[in-house]
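Enquirer: Feature list, courtesy of TrEMBL:
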{"type": "BINDING", "residues": "ASP32, ASP34, SER36, PHE38, GLU43, ASP71, ASP73, ASP75, LYS77", "note": "Ca(2+) binding site"}
{"type": "DOMAIN", "residues": "19-54", "note": "domain 'EF-hand'"}
{"type": "DOMAIN", "residues": "58-81", "note": "domain 'EF-hand'"}
Amino acid sequence: AAEYFNYKKFFEMVGLKKKSPEDVKKVFQILDKDQSGFIEEDELRFVLKGFTPDGRDLSDKETKTLLAAGDKDGDGKIGAD
């Protein structure tokens with residue numbers, strides 16, 4: 001449901017916390033559609049579709065919340081680290 005996405009629960013549900021660093025990097029590369037080495041806001045909007053073909057797009061608010069959670073240096077994108 002729109003505005004209900006909980007990124008912590010989602011990543012727990014898909015098991016990313018239990019994945020090896022190599023597996024997490026593979027997921028990162030899948031989500032990094034333009035292969036820039038970063039996941040930008042436009043790529044995050046479609047994150048659910050990277051896990052399931054019938055996944056919905058995130059709302060602007062959900063996307064910004066997810067970006068803020070992963071953007072450790074405040075540059076507006078998420079790096080592989």
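We count from 1, first residue shown onward.
Cβ coordinates are placed from backbone N, Cα and C, and glycine is handled just like the others.
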Enquirer: Return the count of C-beta atoms lying within 10 angstroms of the C-beta of LYS77 (Ca(2+) binding site), excluding that atom itself.
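Expert: Its Cβ shell of radius 10 Å holds 18 other Cβ atoms.
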Enquirer: When secondary structure is assigned with DSSP, how many helix, strand and coil residues does the domain 'EF-hand' (58-81) contain?
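Expert: Residue counts for the domain 'EF-hand' (58-81) by secondary structure: 11 helix, 3 strand, 10 coil.
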Enquirer: Near ASP73 (Ca(2+) binding site), which residues of its chain come within a Cβ-Cβ distance under 8 Å, counting only those 6 or more away in sequence?
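Expert: For ASP73 (Ca(2+) binding site), the qualifying residues are GLY79.
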